[in-house]
């Protein structure tokens, strides 16, 4: 019987990928699904325990096991993380207070796929406070804060996520959120479009009940517009990514603060006098360049768009082709939302110890796959830091395997996420409560009035006081006293 027992153990062991196995699984993926978006504040490493959460039987204190997280015992830890985040997310808290009486999301069944961090938890719990039922999975294999997921599970949210999922785990978690007897989602909140993609592929019938999709990333919005063009979008969708409060704040100011945080935590690099090339001068590129310039770095920009290129020139940056500066730069940062921006040819020509990283949502910008060849050696130096070594001894420092730097290697300012999360909550309320026919099967931008409302909710934090127009002034400008002040196309 001992032999039989041993055979069972062997089988048991092969079920779970080992550390290296798990890593190579996550590395071989080139889709946006597994773009990294994690928090360095997480207390737990993905590889501290080889038993997959899928194999564990866990229940919360109320006896429910309708979740799958790394370790439910970390719930108290996670609750403290969420409480810290709440301090800087006053707009969501005031939204909770304001809507305590009338529950604008009563009856809403929201299935969500976002980064599961303390900040998202504040959003999820706000949606629950407004009357919604939620089921949640992670939109990125590295971005989950395990202790926060545990706190959500303890609070009764059906959450399926842990840090360091394999590709298979990733889709399994999404499936567990959607495919459940006796519960059918009527709203989708997505970041990156993977949940929407999965429902289209596997459960298209669910769309009969769905009132709307809210999407917050460039990648996911791009996928929605493709569906819309092909005539395949069968429910209204709200493009939160291009709302003013997301573009101008999350993309610009958030990256301005988190780019340096991610780079310093991983490499301890000194920026004064360093030559850096930033690929793309959209809102994310503008934020990155501003931060690097302030520290005295010499910044180059690559651009395809003449308007953005001219903006970069006016801001004092040299606009170049990547091939012109690749031999001399110390750091390469991509933020284009495109693919193959940094190719193997570029990587071959880089100088020794050049740092390469990505600030876009997708892990397609740096051609990492081309580096997985026998003649190159990979050395894991720190968590999320690899040295790729050429035959002649040259090293390139690759961060987060080309995935989203700020969320894989550091944290993101809570206040900025409060702005994005409030926008998402209002978009869900708007779509869920819209009268039949107001929104067709198309992709919509958030009404400017709501953008301005989100901004106004955040002003008290700065003790900022708005000036009010007089009747005469309002008439002169042709505006309503209470807004919207921006035209629709802004």
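Backbone N, Cα and C define each Cβ position, glycine as well.
Bear in mind that TrEMBL entries carry predicted annotations, made automatically and left uncurated.
Look at TrEMBL and you will find 1-65 tagged as region 'Disordered'. Residues or ranges marked as compositional bias 'Low complexity' by TrEMBL: 26-45. According to TrEMBL, the feature substrate binding site maps to 117, 191, 216, 246, 250. The domain 'S-adenosyl-L-homocysteine hydrolase NAD binding' annotation in TrEMBL covers 251-412. The annotation NAD(+) binding site is assigned in TrEMBL to 282, 283, 284, 285, 286, 287, 303, 406.
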Residue, out of the binding-site residues 282, 285, whose Cβ gathers the largest set of other Cβ atoms within 10 Å: 285
Protein Cβ atoms within 10 Å of residue 216 (substrate binding site), excluding its own: 27
Alpha-carbon spacing, residue 283 (NAD(+) binding site) to residue 216 (substrate binding site), which is rounded to whole Å: 15
Candidate nearest residue 250 (substrate binding site) in space, where candidates are the binding-site residues 282, 287, 303, 406 and distance is Cα-Cα: 287
Mean of pLDDT values spanning the domain 'S-adenosyl-L-homocysteine hydrolase NAD binding' (251-412): 94
Distance [Cα-Cα, Å, rounded] between residue 406 (NAD(+) binding site) and residue 117 (substrate binding site): 13
Sequence-distant neighbours of residue 191 (substrate binding site) in its chain (C-beta under 8 A, six or more apart): 113, 114, 115, 139, 215, 216, 217, 220
Nearest-integer angstrom distance between the alpha carbons (Cα) of residue 286 (NAD(+) binding site) and residue 246 (substrate binding site): 14
Integer Cα-Cα distance in angstrom, residue 117 (substrate binding site) to residue 284 (NAD(+) binding site): 21
Rounded distance in angstrom between the Cα atoms of residue 287 (NAD(+) binding site) and residue 246 (substrate binding site): 13
Cα separation, residue 246 (substrate binding site) to residue 285 (NAD(+) binding site) (Å, whole number): 15
Alpha-carbon distance [residue 246 (substrate binding site); residue 303 (NAD(+) binding site)] in Å: 22
Residue 284 (NAD(+) binding site) to residue 246 (substrate binding site) - Cα separation in whole Å: 11
Alpha-carbon spacing, residue 246 (substrate binding site) to residue 282 (NAD(+) binding site), which is rounded to whole Å: 13
